[in-house]
Structures are given as C-alpha cells and as structure tokens.
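In what follows, a single structure is set out as structure tokens and then discussed.
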Amino acid sequence: NQEKEGIFGLPLQGKIAQLKGVFGLALAEAQVSQVEITVMKLPNRALVYGVEGGLPMLFDIDGRGTEIFPTVYTLWKVPHLLPSFELKGGEVSRFVLGGADLMFPGISISPEGLPSFLAGQPWAVKVPGNPAPIAVGTTTMSSKEAIKAGLRGKALRITHYYRDSLWQSAEGHYVPNAGFLEDVVTEDPASSSTCQTSETDEHRNISSEGQEAVETPDLPSGDGDSPEQGNENNETSEEVVTDLGSLNLSENISSEEPNDDKDQRTLSSEEVDALLDKCLLQALHTSVKEKDLPMPGSTLWF
C-alpha cells in the first residue's frame, strides 16, 4: 500500500489497522489482509476506502475520521454489522432513495418498544421482508429523547443510500436481490417464497399431528383391526342395511296405504334406540373420515 496521509494524522497503514478494529468483520469478509486497500478523495473532502479492483467498503464523510460508515455494499455482505431501523413499508423507501432523512413516523416500532440508542450513532435502514439494508446514517437524538418528543421529528440523518452517487460510482455496481427496484425497495421475493414454503411444511406437520391425535381405538375404522373385528364390522353393516331396508319398506307401504293397519309396523322405544345406534355405527363406518374428526354432535346428526 502507498503511504498516504489518512485521517487522525496517521499514515494509511495505521488507519487501516484502526479500521480493522472498528469494522473488523466487514474487512475480514473482504479478505483485506490479502488485497490492497485504496483510498479515494471526493470533491466534498469525503474519503472512500475500498478494495483495489473491487467495491467501496467504508467512507469518511469529512475526512476527519469523526464519522465513518460502511457502504451498502459492505452491509449487503454483512447485514448485521450495524443495528437497523425497519421501515413501515416498502413505499417509505421512496423518500429515503429520494435523498430525504428518515423520520420517526416512518419507522416500524416492534411490540417490545423502541430500541435503545444514543445520539450520533451509525444505524442502517431496512425494508420489511428484505434482509439487505438500503441506507445508512447517524441518529439525531437518543431513544429517551425520541420518546419524550412523542416519536416525532428526524430519527436518522441519512449519509448514504442505494442509488446515490457513491453507489453509482462503483464499477460493477449491483443490487443484492430482486426487491431492489429503480425507485423503491420491496420485500425480497426469494425470502417471501422461502417463508411460504416453511409455513406450508409446518401446516402439513400440524395437520398430520392432528390426524394422529384424533385416532381413537373406540371408533370401528378398521385400520389395524384383527380379521375377526373386520368381520364383525361387516356383519354390523349388513344388519344396519337390512334394518334400514325394512324401515324404508314400511314407510313406503305406510305412504301408499295409510289406512292399512295390518302392514304398518310400530317400533318400540328400545327398537328405535337400537336402530339409531346401528345408524350411528353405519355412518361412522361408511361416511365419516378421520380428517372429519372431531366434530360437533349437531353436525353428525344433521
């Protein structure tokens, strides 16, 4: 590396060592120990640190070393390098990509409440359903001050965002996933489909467990029964069919000859109860499936 004066009055080599302590994870991801680190000075005095032949990794806003931030390229490699605020929706990203600072009303607050932070800390910005940050900035106030202000006003002073001049200045600039569009960032379709697949598998597992839970030995379903039990079920079905046929025959005779008392059959209450029991067994054996159980009694009798 060339010996150039860096920030803090340190040679570039010293500054790189210091950067490794601050952003060691990001620099390790880019394997900076095996490549050359370059520094580019912008017209606005900002310094951009990058890998030779690669993408910009870090930038110093004023060249004084007081505010150093990772670029979105670095955050796409290491999404959890910085804490992040999540927007209320992808549409809010239009304002950020247009150069606006992040306001508290545009931030989604979790049920646990606003996370703790201090003024002047670097934070990233994300869109719901997309793990790749879209911007980075510095907090304008602490979390306690934000709560006292009723979560109103400016939350983050944006210093760099997707599609700004720094992003465009990189050779071979790219987007991390299909959710990054030209003027808005939405959820990552790949992450969405993965979640749906996971939910479908979970639903199938729950359904399978539910079917196993409703299997009871009291129901004559025939699964796993001995041959003798199967024969008893068949005999019961035949008896029920025979009794039902007799009942239908009696009803037909009664409807055709309502005044003929000789062919009309009167059932006792015990016979009616026995017939209803057989009807229940017949319904369970022929019509009710395991997936239908359990069911309300009103639905069964209906």
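Even glycines carry a Cβ here, placed using N, Cα and C.
Note that the structure is a prediction, hence the values are computed from the model and not measured.
TrEMBL annotations:
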type	residues	note
DOMAIN	34-79	domain 'Pre-PUA'
DOMAIN	91-164	domain 'Eukaryotic translation initiation factor 2D-like PUA RNA-binding'
REGION	187-241	region 'Disordered'
COMPBIAS	189-198	compositional bias 'Polar residues'
DSSP helix/strand/coil residue counts for the domain 'Pre-PUA' (34-79): 7 helix, 18 strand, 21 coil
Helix, strand and coil counts within the domain 'Eukaryotic translation initiation factor 2D-like PUA RNA-binding' (91-164) (DSSP): 16 helix, 27 strand, 31 coil
